[in-house]
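In TrEMBL this protein carries:
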- 77-102: transmembrane segment (TRANSMEM)
- 129-146: transmembrane segment (TRANSMEM)
- 188-210: transmembrane segment (TRANSMEM)
- 222-244: transmembrane segment (TRANSMEM)
- 264-288: transmembrane segment (TRANSMEM)
- 349-371: transmembrane segment (TRANSMEM)
- 426-447: transmembrane segment (TRANSMEM)
- 485-514: transmembrane segment (TRANSMEM)
- 539-715: domain 'STAS' (DOMAIN)
- 589-614: region 'Disordered' (REGION)
Amino acid sequence: MNHGDDCCTTAEDGAQSDRQQPLILERVEEETAKSWQSVVSQCLNKHFLCTPKKAKSKLLGFFPILKWLPRYQLREWLLGDAMSGLIVGILLVPQSIAYSLLASQDPIYGLYTSFFSSIIYALLGTSRHISVGIFGVLCLLVGQVVDRELALAGYLTESAILNSNNSTILLAGQGNGNVGVGCDRSCYAITVGATVTFTAGVYQVLMGIFQVGFVSVYLSDSLLSGFATGASLTILTSQFKYLLGLKIPRPQGWFTLFKTWYSLLTNLSNINICDLVTSMVCLLILIPTKELNNRFKAKLKAPIPFELFVVVIATVASHFGRFDSNYGSGVAGDIPTGFLPPQLPMWSLIPNIAVDAFSIAIVGFAITVSLSKMFAKKHGYTVDANQELYAIGFCNILPSFFHCFTTSAALTKTLVKESTGCQTQISGLVSAIVLLLVLLVIAPLFYSLQKCVLAAIILVNLRGALRKFTDIPGMWRVNRVDTSIWLITMATSALVNTELGLLVGVLVSALCVLGRTQRAQVLELGRATTREHYEDLSSYRGLQRHPGVAVFRYEAPIYYANQSLFKKSLYRCIGLDPVKEKTRLMKNKRKNKQPGEVARVPNINSGDTEGAAKEDGFEAGATVTSMLGNKSSRSLRSLVIDCSAILFLDTAGVNAMKEVLKDYEELGIKVVLARCNISVLDALERGGYYPIKKGCVGGENKIMFFTIADAVHYVQSLSANGDYDSKC
């Protein structure tokens with residue numbers, strides 16, 4: 001006898017035995033649940049116990065400037081920060097004046113807003129690069145609220161003011177009784193804007209206190225982009241009246257885009273030729289020069305401030321040409337120097353604007369956090385979403401006492417800031433110094449600046465958002481779901497209502513996520529020829545099935561919304577609906593047909609299943625024939641469900657798994673689970689699917705395996721031995 005052969009045979013037998021033994025893992029015992037008193041005490045100590053170390057950490061966390069300012073690299077960073085701050089400050093002057101039109105405010109308030117927000121964010125923000133100030137979409141939202149409240153308070157409409165001799169008359173007997181006669185339309189407009197800003201800031205700070213910065217992850221890029229593009233269309237439409245010199249009020253409510261175009265078309269005979277010519281000249285200058293800036297931005301150390309040049313030239317031309325008195329052109333008007341005394345928000349107005357302020361708070365936070373994370377990732381540092389909530393919240397709360405309106409990060413100015421060498425928020429402080437100089441000295445010089453020039457600046461700055469329409473075909477090829485979200489959000493924001501567009505976008509995004517779980521299908525798996533690896537039979541060639549054993553995978557969580565779809569998909573993929581099959585067999589039994597004539601009858605001799613089979617009139621020795629899709633018929637004795645892609649189960653999901661197990665085992669088909677994660681295991685245990693036994697998972701005739709191969713070997717061994725008792 002050859003002992004070498006014996007050794008080889010023994011080794012092979014041992015290896016074969018090891019392969020047939022299922023993988024067994026013992027669960028780590030869970031820690032003893034703490035009493036509620038200890039949990040409450042621990043939370044109180046964590047949040048309210050103050051130590052010097054914790055106080056220092058909280059202070060540095062709330063004022064990030066205290067962390068990075070002591071480590072400021074003067075020689076390496078100062079020049080870049082100073083250059084970027086100067087350039088952005090110069091750009092902010094015409095844009096702050098221009099975007100005041102959108103918010104229905106006087107130009108001086110736009111300058112105030114940009115000044116205060118630049119300082120506060122430099123102290124509280126965690127992003128080194130974003131520029132916080134006036135943002136077109138928020139200005140539009142604030143302006144809609146301001147116009148509505150002005151109308152409710154009984155103030156003259158814009159067109160009536162421009163055609164009357166006294167622009168500060170408050171219509172007697174109308175509107176808000178809290179408004180004094182001494183408060184003209186401009187005063188009440190900024191009071192409404194500041195109250196909206198204060199309320200939005202309070203919302204944002206409360207969100208920071210309750211640590212809800214994570215909500216930013218639910219606002220996808222496609223949603224925010226679609227919302228911004230839709231709002232840009234509304235902004236574009238709202239500026240045409242200034243480009244054409246028409247005196248028409250801003251429409252309120254839904255479908256403002258259609259209402260505005262209707263008003264424009266019906267008033268074309270009243271076009272101001274001076275404003276129209278000025279608008280065309282400004283657009284013909286700004287559009288090509290902006291494109292030149294973009295084309296040569298890699299070679300230019302800083303973008304050329306053509307907007308400022310246009311503002312200066314147009315103001316000089318309007319002043320000496322007396323466009324306002326000679327041609328009736330609308331101008332910026334008196335812009336005072338210095339700062340107005342602080343003023344409290346109008347508390348009685350908060351209930352009227354609370355809902356509007358919430359949507360404004362969400363938009364401002366979402367835009368700020370998105371831009372912060374984008375530039376932080378690009379430059380290799382991190383931002384704190386909750387601290388960003390505090391920062392942008394206080395950028396709204398504190399300035400609201402100084403006649404300011406809502407702010408957030410702005411993409412265009414942030415790109416300019418980054419491209420001109422910005423390293424820290426010192427650049428924001430430099431921009432604030434530029435604005436301070438304008439507020440104290442230069443502001444009155446813009447008295448004769450035409451509003452159509454400001455509208456042209458706004459339109460030119462919308463180019464980036466409007467270019468998104470050219471990206472639609474490429475977006476559609478990449479991801480149709482995201483493109484659909486973009487289109488729906490954009491269309492709702494532009495055509496129906498701006499605030500509603502954001503809500504609809506969020507709901508559509510959520511429904512798309514739910515829809516993906518609804519569309520998940522059960523896949524039949526096959527084994528690779530050279531590995532114990534299983535993949536989808538319909539996706540890969542050369543995979544093999546096991547005789548009498550079918551392996552399936554469901555690639556979605558199983559919960560109340562899709563548990564019935566899971567069962568239908570499984571039954572359809574197997575080709576055997578156990579409920580219908582049992583009904584058919586019962587009808588055959590009532591007709592006294594012979595069991596051998598039944599097409600699908602179990603072939604399993606096991607305790608429970610054999611009793612069930614006999615009870616239904618089944619006879620051991622036949623086979624269960626299943627039509628798997630359109631494939632040829634095959635006998636089916638066992639079913640393995642790969643649960644690796646099932647993230648979680650709720651109560652309905654556990655019940656669905658129990659029904660699958662019960663229904664198939666009543667037909668004599670053995671069902672086992674494989675590759676369940678801990679969450680699924682715990683859910684199955686709590687739901688009574690099976691108990692957890694020491695050393696293995698499973699119970700009598702209910703067993704779960706850690707690999708598909710172990711599950712297949714197990715059910716094959718049961719079939720070979722004619723035994724279905726647990727071997728664990």
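Each residue, glycine too, has its Cβ placed from N, Cα and C.
A quick note: this is a predicted structure, and the numbers were derived from the prediction, not measured.
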Excluding the flanking five residues on each side, which residues at least 6 beyond the ends of the transmembrane segment (485-514) place their CB within less than 8 Å of a CB in that stretch? 137, 140-141, 144, 218-220, 222-223, 225-227, 229-231, 233-234, 253-258, 356, 359, 362-363, 468, 472, 475, 561
Let me check one thing: do the transmembrane segment (349-371) and the transmembrane segment (426-447) come into contact, meaning three or more Cβ pairs under 8 Å with sequence separation of at least 6? no
Sort out the residues at least 6 away from either end of the transmembrane segment (129-146), same chain, that have Cβ-Cβ distances under 8 Å to it, and list them. 88, 92, 95-96, 99-100, 102-105, 110, 113-114, 117-118, 121, 189, 192-193, 196-197, 227-228, 231-232, 234-235, 238, 250, 252, 256, 353, 356, 359-360, 363-364, 367-368, 371-372, 375-376, 379, 391-392, 395, 405-410, 413-414, 416-418, 422, 428, 431, 458, 461-462, 498-499
